[in-house]
Amino acid sequence: MPTPSMEDYIEQIYILIEEKGYARVSDIAEALSVHPSSVTKMVQKLDKDEYLVYEKYRGLVLTPKGRKIGQRLVYRHELLEQFLRLIGVSEENIYRDVEGIEHHLSWNAIDRIGDLVQYFQEDERRLEALRDVQKRNEQGE
C-alpha cells in the first residue's frame with residue numbers, strides 16, 4: 001500500500017493525465033506546491049514500486065496498478081467532498097477538511113460514507129430532515 005504522501009502524488013498524476021493527457025515533473029510540482037527535485041525523488045520511488053514508469057526527460061506513465069489506485073483515490077476525494085457538502089460543511093473548509101481526513105479513513109469507512117451519500121440522494125426528504133435537525137440545533141445554540 002502506498003503511504004499518504006505517495007497517494008497524494010499518485011492522485012495528482014492521475015488527475016493531470018486525465019485532464020492533459022500527460023504529467024510532467026514541473027506540472028506535478030506546481031499542482032502539489034513542492035520543489036521539482038522532491039517530485040523527481042517521489043516519482044523514482046513510485047517507479048521502483050511499480051505504480052508508474054518514469055524515464056528521465058521523457059515523462060511518466062501510470063502502470064495499470066497506478067491507474068487503478070489513482071482512480072480509487074480520486075473517487076475517495078470526490079466522495080468526501082460530496083459528503084461534506086451534503087452535511088452542510090462550508091465550501092471554504094471542504095478542501096482542507098478532505099485533505100486532513102482522507103488518508104486516515106479505511107476503505108471500509110469510505111464505502112460506508114458512500115452508502116450514506118447514496119441514502120440521502122435516493123430521497124430528497126431525508127436531506128430535508130437533516131437540514132431541519134441542523135436548523136433546530138443552530139437555533140438552540
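Cβ from N, Cα, C; glycine included.
Per Swiss-Prot, these features apply:
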type    : residues                    : note
BINDING : ASP8, GLU99, GLU102, HIS103 : Mn(2+) 1 binding site
BINDING : GLU11, HIS77, GLU99, GLU102 : Mn(2+) 2 binding site
DOMAIN  : 1-63                        : domain 'HTH dtxR-type'
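Projection of Swiss-Prot feature records onto the structure.
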residue : record                : Cβ within 10 Å
ASP8    : Mn(2+) 1 binding site : 20
GLU11   : Mn(2+) 2 binding site : 22
HIS77   : Mn(2+) 2 binding site : 17
GLU99   : Mn(2+) 1 binding site : 12
GLU102  : Mn(2+) 1 binding site : 19
HIS103  : Mn(2+) 1 binding site : 14
Local confidence of the prediction over the domain 'HTH dtxR-type' (1-63), expressed as mean pLDDT: 93
GLU102 (Mn(2+) 1 binding site) and GLU11 (Mn(2+) 2 binding site), Cα-Cα, nearest whole angstrom: 12
For the Mn(2+) 1 site built from ASP8, GLU99, GLU102, HIS103, further residues of that chain with CB within 8 A of the site's CB center: PRO4, GLU7, GLU11, HIS77, VAL98, GLY100, ILE101
Between HIS77 (Mn(2+) 2 binding site) and GLU99 (Mn(2+) 1 binding site): CA-CA distance (Å): 8
For HIS103 (Mn(2+) 1 binding site), the three-state class that DSSP assigns: helix
Non-site residues, in chain order, whose CB comes within 8 A of the mean position of the CB atoms of GLU11, HIS77, GLU99, GLU102 at Mn(2+) 2: GLU7, ASP8, LEU73, ARG76, LEU80, VAL98, HIS103
